[in-house]
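Participant: Structure below; questions to follow.
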């Protein structure tokens, strides 16, 4: 042991018990701490409140297995894209290109089957490969050239959208023409019934994806590294994480998930229409991510919250529709929820001073 | 004296027109505590970053146990057995204590859960983390699963020091380990430094705190203007000598000779 300096001699008499504090917290502070350690709770509470509200307002009509599973079917594609978006946002990035990557992927899948006469499995793999490739491009530009993710994906958003329209000559592929050749492309449109509930394989895919990603983020090293990179990039680098590898892996994985969304989307929509490339899928995915409690500053939030966030948008849309409200109310309320979610996120983050 | 374990010869690093390291030499011997002191801007940090892989020098050679090493990143230095406590601690605030201690070298579950499903062994990591912190006497932390951002500055420092002490196998580098700590925590960290030394690990200690340096260091490397000015024995020199050398108020005899 080192020899204490003069002024330190009194330390031998210092308190040695473990720090103990009076629990002097107000209920509000307790709530803040609870939400800090359970980031998926806020969207879950909002979801439950909405379901109860519409359940009371419309009764059986809304609160039925059929309606609730219909909502699931409607949100499956955006839900899968939101999962991809979540991975990117957790690294403190953003992926504006995720929607057009999905559209480009299903256009490739359809064209490969219809125009190139390829077997469906190869066509699907080509779609996934193209989606993964563009994700990889985003990751490469962000991590190696150190460009801001917003700028990179703003660029690839436009590039991919243009390539998609040029390549496809904006030609819609009809469902009947596709199904005449193969049923594989519409695989995720298949459904089974449990009582009155109608569950498509697309919905099953979305839920399995969330479970798998939740596992990956919480129980594997790669998942913890995604959080660490988004939390503090320099600290992650110094503590030995190869941050550029994590970033490239994350964006590429997000691209592959967009490929899955593409396949599910064919099953949902039937036909393949390149003009949907102008749809704001990217913003819908970001909306679900933010409402789901993922911090845009990175490193915070639970992917289960994003599933709830996706469902919040779906429930609101369906409920307001049933109440014959002007569709703009949905848009307005979504905007309010986004701002509310970010405000709550800021409040929760204050717990750590 | 035995062969040095870690040496550097002629290290040079320039940032644009600023020369941070100017043909700098460095030697660390087995089992010693070497303090590195120097004025602000003398190039201490750059020297340390070069040794731990965070910076790649423009020129010069680093050898570890006689073999030349070229660290492209901190991971490689860590794999070679050089562990560093950074001044900014390099912790991820939102992650737990155990997550942080095992960042980049996680333990996976045995069997198929670990090899195929890549599942982390939380229980094992938390146990090691708790043991290490207890060893350090820094267990005023109530819950090993709590996020690092909920800890006080001293506790965070404790986590960073415990991480380095737990994993360093050849050299431990500590950049200002007591700067953010109170009197009691500082004393514990100094005791820990001596503990680590007792286990046979050499330590490089960067500090501005002269009493701490003179208390624990075996030799003191004085850095000035991007290079090693001299190495002094703290038992033969006073603190004011050291301060005079590093600020240029006095020129050490070795240099004059």
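The backbone N, Cα and C atoms fix where each Cβ goes, glycine too.
Curation plays no part in TrEMBL annotations; they are all automatic predictions.
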Participant: Of the ranges A:197-217, A:218-238, A:302-322, which one does TrEMBL flag as transmembrane segment?
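Facilitator: The listed stretch tagged transmembrane segment in TrEMBL is A:197-217.
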Participant: What parts of the chain pack near the transmembrane segment (A:150-169), using Cβ distances under 8 Å and only residues at least 6 beyond its ends?
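Facilitator: Distant Cβ neighbours of the transmembrane segment (A:150-169) are 94-101, 103-104, 107, 111, 134, 137-138, 141-142, 274-275, 277-278, 282.
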Participant: Sort out the residues at least 6 away from either end of the transmembrane segment (A:329-348), same chain, that have Cβ-Cβ distances under 8 Å to it, and list them.
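Facilitator: Counting only partners 6 or more residues beyond its ends, the transmembrane segment (A:329-348) has Cβ contacts under 8 Å with 32, 35-36, 39, 42-43, 46, 287, 290-293, 295-296, 300, 309, 312-313, 316-317, 320-321.
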Participant: Do any residues of this chain, six or more beyond the ends of the transmembrane segment (A:197-217), have a C-beta under 8 angstroms from a C-beta of it, and if so which?
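Facilitator: For the transmembrane segment (A:197-217), the far contacts come to 65-66, 68-70, 72-73, 75-77, 79-80, 83, 86-87, 90, 187-191, 223-224, 226-227, 257, 260, 264, 267-268, 302-304, 306-307.
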Participant: Out of A:40-57, A:96-116, A:246-266, A:281-297, which stretch touches the transmembrane segment (A:63-84) the most, going by CB pairs under 8 Å?
Facilitator: A:246-266
Participant: For the transmembrane segment (A:246-266), give me same-chain residues lying six or more residues beyond its boundaries with a C-beta closer than 8 angstroms to one of its C-beta atoms, as numbers and ranges.
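Facilitator: Sequence-remote neighbours of the transmembrane segment (A:246-266) are 76-77, 80-81, 83-85, 87-88, 90-91, 93, 95, 98-99, 101-103, 105-106, 109-110, 124, 127-136, 138-140, 142-144, 178, 185-189, 202, 205-206, 209, 222, 225-226, 229, 236, 272.
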Participant: Any residues 6+ beyond the ends of the transmembrane segment (A:281-297) with a Cβ under 8 Å from its own?
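Facilitator: Distal contacts: 39-40, 42-43, 46, 77-79, 81-82, 84-86, 89-90, 92, 94-100, 102-103, 157, 230, 303, 305-310, 312-313, 334, 337-338, 341-342, 344-345, 349.
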